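Enquirer: Here's a structure for you.
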Amino acid sequence: MLNIKWIRENKELFDEKLSQRFIEPMSSKIAMLDGEKRKITSLIQELQHARKVKSKILGNMASKSGEEFEGLQRDVKHINEKLEALEHDLNNNNELNELLNMFPNIPDEEVPYGMDASMNKLVRTYGETNPNALNKQHFELGIKLNLMDFEQTAKISGTKFVTLKGDLAKLERALINFMIDVHTKEWDFFEISPPVLVRDNAMYNAGQLPKFAEESFATTNGYRLIPTAEVSLVNMVADTIIPREKLPIRYVAYTQCFRSEAGSSGRDTRGMIRLHQFGKVELVSITTPEESTNEHEYITNASETILQKLNLPYRVMLLCTGDMGFAAKKTYDIEVWLPGQKQYREIASCSNCGDFQARRMKARYKEFGSNETTLVHTLNASGLPIGRTMVAILENYQNEDGSITIPDVLINYMGGLQKIIAYSE
């Protein structure tokens, strides 16, 4: 959520930043609603003061009867009725909060202006792409290996699900352990095993609700399946005040993630790129405003390390204003090279959310010896999605005979297996 005080003091800049997100100017409407709310709040405070004064007089009166006493009683009763009505109006007029909840984060000064991915800015590349490399797509390879099943899975769960078998299931498990080991041992992230069912307020805190309600799976009893472990991890500090010396806090978690993929009809209809259920290793950092820019580079580099160790070509893109996520003020996308598609595809998003999530979930820190609190900054990064990493391995490590060479760093995690070959039942 955005800071209403900042909007109040920076109306023109607020409208300018909204326009960069392709949203019409809203400062005038917010000023009107904010003014009404502040007026009601001021009236409530005045009436509360008047009630306190009159109640004190009543309490000090020697005679608890008579015209003056009864008149003061009537005044207090009248004030209470007014207060009840005003407090009802204040509590039930949610238009201002509903409007604020729909605004995305304000873009950082470094974020390029643009409407879509075509305006994203290349930051760096890693590795060489080979235009003459073998170019079967991952699902062709997986099906031929008899280790990737879409057809039977569709009978169980419908489309956008997959069943992995044998050595591909083993590769999935190996990748999870490998990624967690790298992030905990080399990058100082603390491993968490969080819930995948969360309450709506946890989704709201992370910026998933109310705007993206249709993109998640809701249960019948007030819970939602997480679209990313970011939701569970950032809420680890909700409604807390953290001592400054404990920052940064860095969490890593592997979870299953669930997305309805509303609005993605027609895209990536085959294979493992876009699924309703997928495994992902997620990174979250909690830090101070002064350190969040450096922490953004840190968490991005942690994600990149996985691809470097797997020797997979990739590039890092700085997202433009029109392509950036709702809660982010600055995002790097990491895109891995897929020979089967002959293009780079997103494999990780690494975002600095500033105090946007922290304001929603009241996550603060304070210096030692001080009573003053400040909102933390939250950051997140994919570290990485298991399915898309497997896609990249299958396509970049495929052989003429359809077998898949195991990347060197995974051989020990695969129990010494160096190559995946077709499975014969």
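Just so you know, glycine gets a Cβ as well, placed from its N, Cα and C.
Okay, so Swiss-Prot annotates it like this:
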| type | residues | note |
| --- | --- | --- |
| BINDING | THR228, ALA229, GLU230, GLU282, SER382 | L-serine binding site |
| BINDING | ARG259, SER260, GLU261, GLU346, ILE347, ALA348, SER349 | ATP binding site |
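Quick one: how deep are these features, and who are their neighbours?
Expert: DSSP assigns ALA229 (L-serine binding site) to coil in the three-state reduction, outside any helix or strand. Neighbour count (other Cβ atoms within 10 Å of the Cβ, all protein chains): 28 for ALA229 (L-serine binding site).
Annotation for ALA348 (ATP binding site): spatial neighbours SER303, ASP333, ILE334, ALA381, SER382, GLY383, LEU384, PRO385, criterion Cβ-Cβ under 8 Å with sequence separation of six or more.
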Enquirer: When a 10 Å sphere is centred on the Cβ of ILE347 (ATP binding site), how many other Cβ atoms does it contain?
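Expert: Taking every protein chain into account, the count is 25.
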Enquirer: To the nearest Å, how far is the Cα of GLU346 (ATP binding site) from the Cα of THR228 (L-serine binding site)?
Expert: 16
Enquirer: When you look at THR228, ALA229, GLU230, GLU282, SER382, which the record names as binding L-serine, what is the longest CA to CA distance in angstrom?
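Expert: Max span of the L-serine binding residues, Cα based, is 9 Å.
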Enquirer: What whole-number distance in angstrom separates the two most remote CA atoms of the ATP-binding residues ARG259, SER260, GLU261, GLU346, ILE347, ALA348, SER349?
Expert: 19
Enquirer: Which of the three DSSP states, helix, strand or coil, fits GLU261 (ATP binding site)?
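Expert: Where GLU261 (ATP binding site) sits, the three-state DSSP reduction gives coil.
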Enquirer: How big is the gap, in Å, between the Cα of GLU261 (ATP binding site) and that of THR228 (L-serine binding site), rounded to a whole number?
Expert: 13
